[in-house]
Amino acid sequence: MVYNILIVKYGEIGVKGKNRYIFENRLIRNIRNMLKPIGRFNVYKEYGRIYVDLEDYDYEEVIEEVRKVFGIVGVCPGVRAKKDYDTLKEIALKMLEEKIEAGYKTFKVESRRGDKSFGLTSQEMSMDIGGYLLSKVGDRINVDVRNPEVKIKCEYREFHTMVYSDTIPGYGGLPLGTNGRAMSLLSGGIDSPVATWMVAKRGMEVEAVHFHSYPFTSERSQEKVKDLAKILAKYCGRVRLHKVNILEIQKAIGENCNEEEATILSRRFMMRIAQRLSEKRHCDALITGESIGQVASQTIQGLTCTNAVVDLPVFRPLIAMDKSDIVDIAKKIGTFETSIVPEEDCCSVFSPRKPVTKPRLEKIEKSETALDIEKLVQDVIDKIEVEDIEF
């Protein structure tokens, strides 16, 4: 089948009321941006839908990119043709014959009459086209109106006809750039890239901050995080990566504070630095990959202590998810194989033998009085390295 158009289906955007056009226009822009590496495409809105003209491009390659755009729940390859009812029926027959060759046994026709001057109603169109198809291939396939293996969808519009069948699922969500911007604390593990992706799926642009302890952690570990940011950029567009060396902070904690509190104290510094960066970059929230009880610092008491040093909302989309579910998403979005490459991070290098699991905020705050917090924070901020990551 020679497809010449994609029908883009969106979900939540359809119930946005008076603001719907804002989301639609952003979605169109995001689709165009996603397709730039392939070519220049005509992406437009018509009859309350979004379409992509395929021209001579490989439809499978284009669909694979379009389905990554947040806000899209499905993409349908279709054939758009001149406004002629007999032509519509011939295209429907050709499409059904391909489905028969692929092994399908039952079908149903669904029709939409966009041109009200046409002599048949939508239901009458379905019956007529279905009868025509049965007369041609009824010995090889049966009708099943309740649970068909194949749906042949036919539309008779004011200026053209259209036939399509398959729907390739998208990721849903809202168009990137419609819900502000967030700063993600991006490590090299499995969780934080998934958390970043999930928040971006709700329409937030994302930047990332990565904490390292070079030379105690290797340059390879930083390259690994860049690779993860590059994968995320496939979905999120450009990702600005802020690389922060907190070695001096960790040394100060080790010299002046209780060993068991080192992880919580380090996390509090990370949150402070992330908030400072967020204020500078006009980010509205922080993102972390934390999940209740997954590690010692992620108990409810630990999260309370880390939250206490920031004013921005902290989004933790993985908070109640099982590890297996997080891994499934990581595999789906393509970050898993990179995340499991063994490299030490700044937390594991200075991990205490017996970290405190139920820290008390007042005790942690008292421990911090031994540190010059403002100087330590400002010193590392002054040395931040910034890189824009694009796919």
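The count begins at 1 with the first shown residue.
Every residue gets a Cβ built from N, Cα and C, even glycine.
Residues or ranges marked as domain 'THUMP' by Swiss-Prot on the basis of sequence analysis: 60-167. The ATP binding site annotation in Swiss-Prot covers LEU185, LEU186, HIS210, PHE211, ARG267, GLY289, GLN298.
A map of Swiss-Prot features onto the structure.
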residue: LEU185; record: ATP binding site; contacts (Cβ under 8 Å, 6+ apart): SER192, ALA208, VAL209, HIS210, PHE211, MET270, MET271, ALA274, LEU286, ILE287, THR288, GLY289
residue: LEU186; record: ATP binding site; contacts (Cβ under 8 Å, 6+ apart): SER192, PRO193, THR196, ALA208, VAL209, HIS210, VAL225, LEU228, ALA229, LEU241
residue: ARG267; record: ATP binding site; contacts (Cβ under 8 Å, 6+ apart): SER297, GLY302, CYS305, THR306
residue: GLN298; record: ATP binding site; contacts (Cβ under 8 Å, 6+ apart): GLU290, SER291, ILE292
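Secondary structure of the domain 'THUMP' (60-167) per DSSP, as helix, strand and coil residue counts: 40 helix, 33 strand, 35 coil. Cβ neighbours within 10 Å of GLY289 (ATP binding site), excluding its own Cβ and spanning all shown chains: 24. DSSP assigns LEU185 (ATP binding site) to a strand segment in the three-state reduction. Secondary structure at GLY289 (ATP binding site), as computed by DSSP, is coil.
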